[in-house]
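K.L.:
Please see the structure below; I have some questions.
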Amino acid sequence: MERTLSIIKPDGVEKKLIGEIIRRFEAAGIRIAAMKMLRLTKAEAEGFYAVHRGKPFFESLTDFMSSGPIVVMVLEGEDVIRKNRELMGATNYKEAKPGTIRADFASDIEKNIVHGSDAPETARTEIAYFFSEMDIC
Ligand code: GDP
């Protein structure tokens, strides 16, 4: 059993895709083990995306991520890190496979609807950024 962090980004919430995205996770056999809605401050968004500090899109990305409410979830299941990344599609929606969340709903390389951890170590760190062990069912 594996865990990963999923975020429905401000554009996904704005486009009323919360239900559709959760539906896709559940239809794929993924369990939602924790979930909450919140709005990141600019500083919190910078902390979350600290690995991207110094990249040309860092300012814009952290402005975007703190621009409105997000939904953060802990997903649980076998091979869930890879399965979630597959459901999400490539970072650039133009390269995402048809039927993936980003191919279906994103319209911008930055405003790409969802975030998902990319490896077990980052999943652990990212989950701990938002949830304590007591929050996870
Ligand atoms: P992810 O793991 O697929 O989310 O991709 P990355 O970790 O590489 O990038 C983190 C986030 O930064 C992406 O989901 C996008 O929102 C944003 N991003 C990545 N590359 C670019 C880019 O070239 N330009 C802009 N504006 N945003 C980007």
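Using the three backbone atoms N, Cα and C, a Cβ is placed for every residue, glycine included.
Heads up, here are the entries from TrEMBL:
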- 1-137: domain 'Nucleoside diphosphate kinase-like' (DOMAIN)
- K9, F57, R85, T91, R102, N112: ATP binding site (BINDING)
- H115: active site, pros-phosphohistidine intermediate (ACT_SITE)
K.L.:
The domain 'Nucleoside diphosphate kinase-like' (1-137): mean pLDDT?
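P.N.:
Reported value for the domain 'Nucleoside diphosphate kinase-like' (1-137) is a mean pLDDT of 98.
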K.L.:
Between the Cα atoms of R102 (ATP binding site) and H115 (active site, pros-phosphohistidine intermediate), what distance do you get, rounded to the nearest Å?
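P.N.:
With distance taken Cα to Cα, H115 (active site, pros-phosphohistidine intermediate) is 10 Å from R102 (ATP binding site).
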K.L.:
Of K9, R85, T91, R102, N112, H115, the recorded positions listed, which put a C-beta under 6 Å from ligand 1? Please answer none if none do.
P.N.:
T91, N112, H115
K.L.:
For T91 (ATP binding site) and the residue listed as 'active site, pros-phosphohistidine intermediate', determine the Cα separation and express it in whole Å.
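P.N.:
Between the alpha carbons of T91 (ATP binding site) and the residue listed as 'active site, pros-phosphohistidine intermediate' there are 9 Å.
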K.L.:
So if I measure Cβ to Cβ from K9 (ATP binding site) and keep only same-chain residues at least 6 apart in sequence, which ones fall under 8 Å?
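P.N.:
Expected: F64, M65, I70, K111, N112, I113, V114, H115.
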K.L.:
Under 8 Å between C-beta atoms and at least six apart in sequence, can you list the same-chain neighbours of F57 (ATP binding site), or say none if there are none?
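P.N.:
Non-local contacts for F57 (ATP binding site): E110.
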K.L.:
May I ask you to report the DSSP-based helix, strand or coil state of F57 (ATP binding site)?
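P.N.:
SS state of F57 (ATP binding site) = coil.
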K.L.:
For the ATP site made of K9, F57, R85, T91, R102, N112, how many Å separate the two farthest Cα atoms?
P.N.:
21
K.L.:
DSSP says what for the domain 'Nucleoside diphosphate kinase-like' (1-137): how many helix, strand, coil residues?
P.N.:
64 helix, 26 strand, 47 coil
K.L.:
For the binding-site residues T91, N112, which Cβ has the most other Cβ atoms within 10 Å, all shown protein chains included?
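P.N.:
Selected residue: N112.
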K.L.:
Name the residues of the same chain, 6+ apart in sequence, whose Cβ is under 8 Å from the Cβ of R85 (ATP binding site)?
P.N.:
G116, D118
